[in-house]
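Asks: Pasting a structure below so you can have a look.
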């Protein structure tokens, strides 16, 4: 018997309307359907014609650019009602629900045969209807895993109706050119209850093929049995390289400068996490959707976080500190989980930081489930990919000078997909009215390897013509040989002089400066990447270079053991080391505890799989890390003892830190926090480590407890430099002004040494909770992002959590940009401690503590009073509630070899581990 539909609540007609319009496919035998209205929004094409002054990457010239960039991370701009000139932001999902609830197209199917397929509860239906993702839910307990729920986006994307898909397996999307190997992978994952993420060619109802980035993940019950599968689809036809991902150069590397599948997979994995958590915590999601109507306004003094506020009792505040982290004995972050975030406490803003109030926060229902996922470093875009201008890069060393990179803005301007552009020559933009004499000038410039700026008529894919101010610029390598051509386009259609039928001289002059500046920025950005024409053996050549000791550590027992091998004429390699145990894994590889055979000396070995590094655009990251570590000679930074490569991996041999990670140390504390004395000690050593890095021109970019290792004596070592940025640094000695004669004292103020990296970067890298605002907005960042991360680190050490964490990446980024900084009143922290955090977490990087005077500004803060900076190496770490746990070699452990299964893990793809 069919369960009657609950009547709409008189208290919330909007919620009732949302429930009726949400897509429901639970009674598949119905012959009656109700089709709701559908609408879709598309991003307006970028013409690249920005006005006004231009920043280095020419992003955010006006509010439209801000809106466009923030929209990529789930935020929508809202014009204020009053005369305020600012822009308010709220999550896109909230804007969509409040502006037009019919956007969630409705299709219902009812039937008297209620037992045909398992029902999904009304509560779950309501929760799922709040999501913006395109996905289906299948019943894993039934043969062929029939679909029992689909989001409205699935119908919009595929063109099918509920009657046509309910009860069916998703294979109806397959067609003649669907890769059978990918289909076999999906079947194997479904059969074994595993996850899958991959791109395959699917077909819409009308036969139109499209590239579908499919992510499948299981939902399991308490006994570990798979009961549902979520299949999330993302149409990536516009931006994927498509079949070009298999196009190779003569050197065996991809013709495309960037491998886009890896980018899209990382975003998809974060997106499906929200779907999974919605199913697992549907009650909280429904409650949040009802109360989530408060807008977030930048720099607002009012409550910034969406959600209903309810005061909590003291007992509730105590539950915040309930132990919940679980770590492996080695301190590895592989399988750690954290329940201490389940009841995050939200405080009202407090400008003077003298008192706080504890207020409940609704968006924290799934934070513990995301703990292990979001602590990994992310690498979402290089500086090159974030230049929002119309440009392409071609390689004249290949036949016909094909395009190997096309910006997203270029795709919008020309209406072509990336798959249609890569591998082609730019002449596809020509048409009937294209002046061939101008085209010949471009050909002559290519032949002569010189730059040229011209204007000509080009055509979009749909046949629309536009006036293109085109700038061609050659790019040469360090030897002066031609490497690439950079082609920048600017749509000048709105500035054509009718009588002359061309751009005016003034417009051409101004626009020429703009396209030339863009080409210069592209030239700088592309140099961060390895030369696409490099032979694979040359790409990893740096890892085969010998390593020699630097002055301060050359007499250590670790170096003496390595030097014995070098003295014998041998090259240090994998065969010299015996695997002991795995220590953990990061974004680019796995870390092993190893022993140098015959010496008893222990080291840490980081192994990175070559194919995975290439597929995920991380080859240059591995090379940068090797270069950086080879320069380090400091007690709070790792020492490189050797680097080498095998046929499949590149390896780095560095210090083994038996104290494990600071993350694990925090985890073991009864309250999951450190005392101020301990936090001060560790923060001080981090400051000194960062000061040394900045002096070398290195921006760390991934400071977090997982990357702070502890030596046996309790002192720190900063680890993992694969996300770091290396540039130049010009040290300065600032002489203080001499005091007046009247006030002259015996002690003269000492000069201040300041050394901060001088160049900006615009890569989108870091760890979600620690990323600085300027990285999210794409405004370009300097070493000031490390001081922001120091503020987050201090907050986590003192309060047991980070201040801006949200239930998903979009919400975390929204919080980082707009949420007021508050402090839990249930945990006493001194005023100077809160003041230091507040000045470090200044959203304006130019006003952030440390941005002008570097580490010296931070050292002088009152929080660090009592720290003897020159002698901090000799200090004993303050006592801890739970002492340091030392990782030791187990004498009874079974001997293992590198050839054994699972010892040197070959991770060739992105992993999904949501459960």
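Glycine too: its Cβ is placed from the backbone N, Cα and C atoms.
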Asks: To which of the residue ranges 720-774, 775-829, 830-884 does Swiss-Prot assign the term region 'Activation loop'?
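Replies: Region 'Activation loop', as annotated by Swiss-Prot, spans 720-774.
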Asks: Which residue among 22, 129, 291 does Swiss-Prot mark as phosphoserine?
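Replies: According to Swiss-Prot, the phosphoserine annotation belongs to 22.
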Asks: Annotation phosphoserine per Swiss-Prot: which of the candidates 82, 364, 511 has it?
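Replies: Cross-referencing 82, 364, 511 with Swiss-Prot, phosphoserine lands on 364.
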Asks: Given that Swiss-Prot lists 425, 427, 430, 443, 458, 468, 470 as binding FMN 2, which residue among 483, 489, 500 does it place in the same site?
Replies: 489
Asks: Pick from 181, 212, 225, 244: which one does Swiss-Prot list with 169, 171, 174, 187, 202, 233, 238 for the same FMN 1 site?
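Replies: Looking through 181, 212, 225, 244, the residue Swiss-Prot assigns to the FMN 1 site is 212.
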Asks: Quick check on the recorded positions 426, 583: which one has the highest count of other Cβ atoms within 10 Å of its Cβ?
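Replies: Sorting the candidates by Cβ neighbours within 10 Å, the top entry is 583.
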Asks: When each of 194-248, 376-449, 450-504 is checked against the domain 'Protein kinase' (577-864) for Cβ pairs under 8 Å, which one has the most?
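Replies: Looking only at 194-248, 376-449, 450-504, the most contacts with the domain 'Protein kinase' (577-864) come from 376-449.
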Asks: Identify, among the recorded positions 170, 591, the residue whose Cβ has the fewest other Cβ atoms within 10 Å in this structure.
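Replies: If we count Cβ atoms within 10 Å for the recorded positions 170, 591, the smallest count is at 591.
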Asks: To the nearest whole angstrom, state the Cα distance for the pair residue 170 (S-4a-FMN cysteine) and residue 426 (S-4a-FMN cysteine).
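Replies: Taking the Cα atoms only, residue 170 (S-4a-FMN cysteine) lies 39 Å from residue 426 (S-4a-FMN cysteine).
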Asks: Measuring Cα to Cα, how many Å separate residue 589 (ATP binding site) from residue 426 (S-4a-FMN cysteine)?
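Replies: So the Cα of residue 426 (S-4a-FMN cysteine) lies 38 Å away from that of residue 589 (ATP binding site).
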Asks: Can you tell me whether DSSP puts residue 583 (ATP binding site) in helix, strand or coil?
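Replies: In the DSSP reduction, residue 583 (ATP binding site) maps to strand.
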Asks: When the Cα of residue 702 (active site, proton acceptor) is compared with the Cα of each of the recorded positions 426, 583, 585, 591, which one is closest?
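Replies: So, spelling it out, the nearest of the recorded positions is 585.
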Asks: What Cα-Cα separation, expressed in whole Å, is found between residue 585 (ATP binding site) and residue 426 (S-4a-FMN cysteine)?
Replies: 43
Asks: Quick check for the class: what is the C-alpha distance, in angstrom and rounded, between residue 583 (ATP binding site) and residue 426 (S-4a-FMN cysteine)?
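Replies: It is 49 Å, counting Cα to Cα.
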Asks: Tell me the residue counts in helix, strand and coil for the domain 'PAC 1' (194-248), as DSSP assigns them.
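Replies: Helix/strand/coil tally for the domain 'PAC 1' (194-248): 5 helix, 31 strand, 19 coil.
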